[in-house]
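Structure record follows, encoded as structure tokens.
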Amino acid sequence: MQSLNRVLGSLNAYRFIAIGAVVSLLLLTAANAVTPQLFRWAIDQGIAQKNLQIVLYSAALMVLVAVGRGLFNFGQSFWAEAASQGVAYDLRNTIFTKIQNLSFSYHDQSQTSQLLTRITSDIEQIRTFVGTTLIQVVGSVVTLVSIAIILLLMDWQLALITLVMVPIAGFLLAQFLTRNQKLFERVQEQLGNLNGVLQENLFGIRVVKAFVREPVEMGRYSKLNDDLIAVNMRTIRAIANTFPVIFLLSNLITLAVVGYGGAEVIGERFSIGELVAFNSYLMFILQPILLIGFAAPVIAQAAASAERVYEVVDAEIEIRDRPNAIPFEKCGGRITFENVHFRYPGAATEALKGISFETKPKELIAILGATGSGKSTIMNLIPRFYDVTEGAVRIDGRDVRDLTLESLRSHIGIVFQETTLFSGTIRDNLTYAAPNAPLERVIEVAKTAQIHDFITSLPDGYETLVGERGVGLSGGQKQRIAVARTLLTDYRILILDDSTSAVDAKTAAQIQEALDELMRLHTCTAFVIAQRISTVRNADRILLMNQGQLVAQGTHDELMHSSPLYGSILESQVRQAA
Ligand SMILES: Nc1ncnc2c1ncn2[C@@H]1O[C@H](COP(=O)(O)OP(=O)(O)O)[C@@H](O)[C@H]1O
Ligand SMILES: [Mg+2]
């Protein structure tokens, strides 16, 4: 309920639209309440008195009121929908912005598909609540109360007989809902399962085909589809069982009204017109009860959705600027790891166990080690994708946590181990972090990354579309675009995390050669994570990682003599090459 309160609070930004909806709703209720009175007037003063003028007047008024009802009805739903669109728009933007700002550790622990659901179906759920359910419930309550008052004023005894229906129908409906609550939840759950399988299948369709698992996947999907139909049919049956009872109840009330009211009319305590009017009010009583009943599960769902959405909105941003953070401008090239320990959130063991080293200005550092030894983790700590658990990472003696994130990250050029390109042209992708780079610069970095020739061989050159629906690129081509994309930024420290793993050895060596030169010219420090000995051979220093520990460091020649591990890695590579 607290989260729904917050949703209502967010309506504040659209208060004039919301007030428009409420005013329309009140006018609609008034128009609804007035119509039976016009009937009464037509019958008692017109038909019974044989006064054609009053009959015609009341008919004209009824037309007018009907037009008004149409207008107010339109206004009510239009403005309620408009306000709900605004609320959903704001929520979508808020949650998207939040997702941009959340730390790596949050994204590690949450599933992409769950975040997708929150942005799409949970927000839609909230929107439906604001745009439809809320106004219906408010309208129903207003109608019920005002009709009850009118009936009591008209004939309190008959009114009491009639109003007995309200609690009974309410009770039946509540019973129906509680008994079938599980069923409604099952429908939602089944729908979720079905979509889950669909999504997973779409992501993994290549694997499915490669292992010829299509029939199994189809079986899995149609099984869930059958289940969905089965629960849906059960809810339909449950509805078909309960509703005739409620309608029967309302028919019985009509009988009571005609019977008791008829007797009153004969006894001349009640006019025919009043009886007809009274009877037409009955229609307005049943509908609100049904609406409120059906709104209950929708409200519960919306509350659950709102809670999930606000959970993301309120998620703590673990990595943020300290109050007195200063910008990172000059880089001297001295990067220090001081007894750094690091444990990924939720992980049982430390990924880094007491790492200490210091780089010298303009040094080219290579990091070598088996997969899982902690190479990427070391690199993650310099731009503060994560903060150290213990110890410190310093640049020129200053703790990276004392620098502003924006300045720190914009001066660290990093090429990730896994390449992600966005949909758009190759040029868009290259200039992702430097949108204003002139074409000559773009071509220059593409040449350095050994991808220019490939790009110009494409029919549309730099304007070729990539990503979804664009041309397919090989892993190595993507990697080279990613390298060029990073080279175009205003980096001082460069980090290449296994960025040429999918590129053939010859091209990789060419890239490395071009990069070596560039690194020594433009960077204050550069790190290269690589598996190939040929790549690390040129480095000024090699850090050798093993199971989260820095086991040896030195030049290629030094390590050849001093480190058995280095020797064995080298040996296995030489054997592979042979
Ligand atoms: N996001 C993460 N969450 C939890 N554990 C992780 C994460 N990334 C890496 N690890 C773990 O940390 C260790 C070091 O990983 P990593 O630095 O990626 O190794 P390398 O880059 O040397 O292959 C591994 O045991 C890995 O399972
Ligand atoms: Mg790695």
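Cβ atoms are placed via backbone N, Cα and C, with glycine included.
Record features (TrEMBL):
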DOMAIN    19-301  domain 'ABC transmembrane type-1'
DOMAIN    335-572  domain 'ABC transporter'
TRANSMEM  12-34  transmembrane segment
TRANSMEM  54-72  transmembrane segment
TRANSMEM  128-152  transmembrane segment
TRANSMEM  158-177  transmembrane segment
TRANSMEM  238-261  transmembrane segment
TRANSMEM  281-300  transmembrane segment
Should anything in the same chain at least six residues away from the transmembrane segment (238-261) have a Cβ under 8 Å from its Cβ atoms, list it; otherwise answer none.
155, 157-158, 161-162, 164-165, 168-169, 172-173, 176, 179-180, 183, 270, 275, 278-279, 282, 286, 290
State, in range form, which of 12-34, 54-72, 128-152, 281-300 has the highest count of Cβ pairs under 8 Å to the transmembrane segment (158-177).
281-300
Selection from 54-72, 128-152, 281-300, the stretch that has most Cβ pairs under 8 A to the transmembrane segment (12-34):
128-152
By a Cβ-Cβ criterion of under 8 Å, what residues six or more beyond either terminus of the transmembrane segment (54-72) are in contact with it?
24-25, 27-28, 31-32, 34-35, 38-39, 41-42, 45-47
Note the mean pLDDT of the domain 'ABC transporter' (335-572), expressed as a whole number.
90
